[in-house]
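Data block below; observations after.
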């Protein structure tokens, strides 16, 4: 049942991942100006004359984002037609459409008029919400809840409130990470976990951005580890909770590891893209937990 819907949902989710990674690639390679100040054209032309790598990356990101918008629209239409009875459907459709359009508009505005680093840092976070909404729609379509018996769970106050506050907190950490990229603070500190040899903490704005992000991210690792232990101890009968929090810790560990390696490799592109991928998957997983929480008292 819903075979075509499942295919569209899976492809759309994958495309949203590419949007996230593509955005990180544009920032890391300095390709945001690859088409000058023209949008949707490139250097004022439908097909640019010159094709430096920055132009190719920027055009590829625009193309992937455009395809993603179309797919989100198609998926939303199909979902509203085929599973309107599920309680989260309309809300998730509104989120996915609203935030992917907002993401596209901010991207276009940044190209045409430029934006300060603090506004540009919100670009990744906005598209992250759209990805999470599409992911949750996909999980609804594939009836993951039924397969993992997620419809009969009960949550204690510790897990409930920590999941909610952690998700909000991680969104702020994501913003701080995007700010590191957009302020070009990635290499402001060349040591880890301290800033520089003989210098434990920050001395200027760029180092404060870098070290602030590290401190915030370190809290996330410890926080998720504590919640994982709690879930293993008190929710072992619920596979989706026990295994989900184990997966969350694996993802945040990989996230922290790639963050550390970004410093040691002087921001290797492959490592940087993995860094963006792991936080995207982690945020999507936490949003799924939030959806499960919303169904119980």
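Positions of Cβ are set from backbone N, Cα and C atoms, glycine also.
TrEMBL annotations: computationally assigned, not manually curated.
Looking at the stretches 189-210, 211-232, the one that TrEMBL records under the feature transmembrane segment is 211-232.
Neighbour counts of Cβ atoms within 10 Å were taken for the binding-site residues 213, 275; the minimum is at 213. A Cβ distance under 8 Å defines the sequence-distant neighbours of the transmembrane segment (163-180), meaning residues of its chain 6+ beyond its ends; these are 27, 117-118, 120-125, 128, 186, 209-210, 212-213, 216-217, 219-220, 223-224, 227, 275, 279, 282-283, 286-287, 289-290, 293.
Long-range neighbours of the transmembrane segment (59-80) within the same chain, counting only residues 6 or more positions beyond its ends whose Cβ lies under 8 Å from a Cβ of the stretch, are 4-5, 8-9, 11-12, 15-16, 18-19, 22-23, 25-26, 31, 34-35, 39-40, 42, 48, 89-90, 93, 96-97, 100-101, 103-104, 107, 130, 134, 137, 141. The transmembrane segment (7-26) is not in contact with the transmembrane segment (244-264), judged by fewer than 3 CB-CB distances under 8 Å for residue pairs 6 or more apart in sequence. Contacts between the transmembrane segment (119-142) and the transmembrane segment (92-113): present, as 3 or more C-beta pairs lie under 8 angstroms, all at sequence separation of six or more.
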